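Engineer: First, the structure itself, so that you have it in front of you.
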Amino acid sequence: MSHLALQPGFDFQQAGKEVLEIEREGLAELDQYINQHFTLACEKMFNCTGKVVVMGMGKSGHIGRKMAATFASTGTSSFFVHPGEAAHGDLGMVTPQDVVIAISNSGESSEIAALIPVLKRLHVPLICITGRPESSMARAADVHLCVKVPKEACPLGLAPTSSTTATLVMGDALAVALLKARGFTAEDFALSHPGGALGRKLLLRVSDIMHTGDEIPHVNKHATLRDALLEITRKNLGMTVICDESMKIDGIFTDGDLRRVFDMGGDMRQLGIAEVMTPGGIRVRPGILAVDALNLMQSRHITSVLVADGDQLLGVLHMHDLLRAGVV
């Protein structure tokens, strides 16, 4: 490959915009292929009791991997199998309960063609996505989804560009149509993304991160202010609960309450905690989502909340706990 000097006046931005325009035209053509064949493909995938197995070679394989990943994260159980590996044993992963999606822009992939007779013998439903309705794969398919584009964005017409974009979008169309048909929710999405921010917000509950047992700062209502301050210092949560031996809540005392005590003046050594506590305290139940507790704390401008069942203290949640858990 020759490495020539950059042509004088070459416009990178214009070249990029031309690609966008060509690919935009390709996607506009795709609209006509969302038809009865698309409906049939969706129905086969929706009614599949096994998994949706995606196959493709080369660039089609890269698109297929992304397609399978999108299906799997949006409620359609799916995985990718390389056609070459399938021909050497991995086809054993495919069962008659599955649906196979085979991708090839030309529709003449020899690796996939070698698998079709076996898939037919196993009675595995076959959906082929190609850019040529007259291709051998299109003719062999139970359902053919056409992704034909006017031309590739590559000026040589060689590098898959517009065609791979169209295939990717067709996969997204299938995934989202099925998502809507299944009534797939954000909570369902979070179950397959527990490590992400959305997963933490939609799965993590107060009971998962609250302080319990000896970690809870607490004194009884007969304690002095000094006793309460010592407990706050020991437990390092900036507050203490006032409760009886059975952990029935009487109130709460926070660093904000302490500032108000200073404003009162007088001899603080003589004060009982019952005189300066906030009765009751703001409470949440342990089963609520941590993000809901966060919203409550932010709306009430507080840094900690009691976790309780009625008047029975179960735990304490601090803003720092939410920060550590990645909810904030």
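Positions of Cβ are set from backbone N, Cα and C atoms, glycine also.
Below, the features straight out of Swiss-Prot:
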DOMAIN    41-184  domain 'SIS'
SITE      LYS59  site 'Catalytically relevant'
BINDING   75-76, HIS82, HIS88, 114-123, 148-150, GLU275  substrate binding site
BINDING   HIS82  Zn(2+) binding site
SITE      GLU111  site 'Catalytically relevant'
SITE      GLU152  site 'Catalytically relevant'
SITE      HIS193  site 'Catalytically relevant'
DOMAIN    210-268  domain 'CBS 1'
DOMAIN    277-328  domain 'CBS 2'
Engineer: Please identify, from the recorded positions LYS59, HIS82, HIS88, HIS193, the residue with the sparsest Cβ neighbourhood, meaning fewest other Cβ atoms within 10 angstroms.
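Structural biologist: Among the recorded positions LYS59, HIS82, HIS88, HIS193, the lowest count of other Cβ atoms within 10 Å belongs to HIS88.
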Engineer: If you draw a 10 Å sphere on the Cβ of GLU152 (site 'Catalytically relevant'), how many other Cβ atoms land inside?
Structural biologist: 21
Engineer: Which Cβ among the binding-site residues (GLY75, LEU122) has the fewest C-beta neighbours inside 10 Å?
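Structural biologist: Each of the binding-site residues GLY75, LEU122 was scored by Cβ atoms within 10 Å; lowest is LEU122.
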Engineer: Pick the one among the binding-site residues ILE116, LEU119, VAL149 whose Cβ has the fewest other Cβ atoms within 10 Å in this structure.
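Structural biologist: If we count Cβ atoms within 10 Å for the binding-site residues ILE116, LEU119, VAL149, the smallest count is at ILE116.
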Engineer: Near GLU111 (site 'Catalytically relevant'), which residues of its chain come within a Cβ-Cβ distance under 8 Å, counting only those 6 or more away in sequence?
Structural biologist: MET57, PRO83, GLY84, ALA87
Engineer: Which numbers of helix, strand and coil residues does DSSP report for the domain 'CBS 2' (277-328)?
Structural biologist: 17 helix, 18 strand, 17 coil
Engineer: How big is the gap, in Å, between the Cα of GLY75 (substrate binding site) and that of HIS193 (site 'Catalytically relevant'), rounded to a whole number?
Structural biologist: 12
Engineer: So, by DSSP, how many helix, strand and coil residues make up the domain 'SIS' (41-184)?
Structural biologist: 66 helix, 22 strand, 56 coil
Engineer: Can you give me the Cα-Cα distance between ILE116 (substrate binding site) and the residue listed as 'Zn(2+) binding site' in Å, rounded to a whole number?
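Structural biologist: Their Cα atoms are separated by 14 Å.
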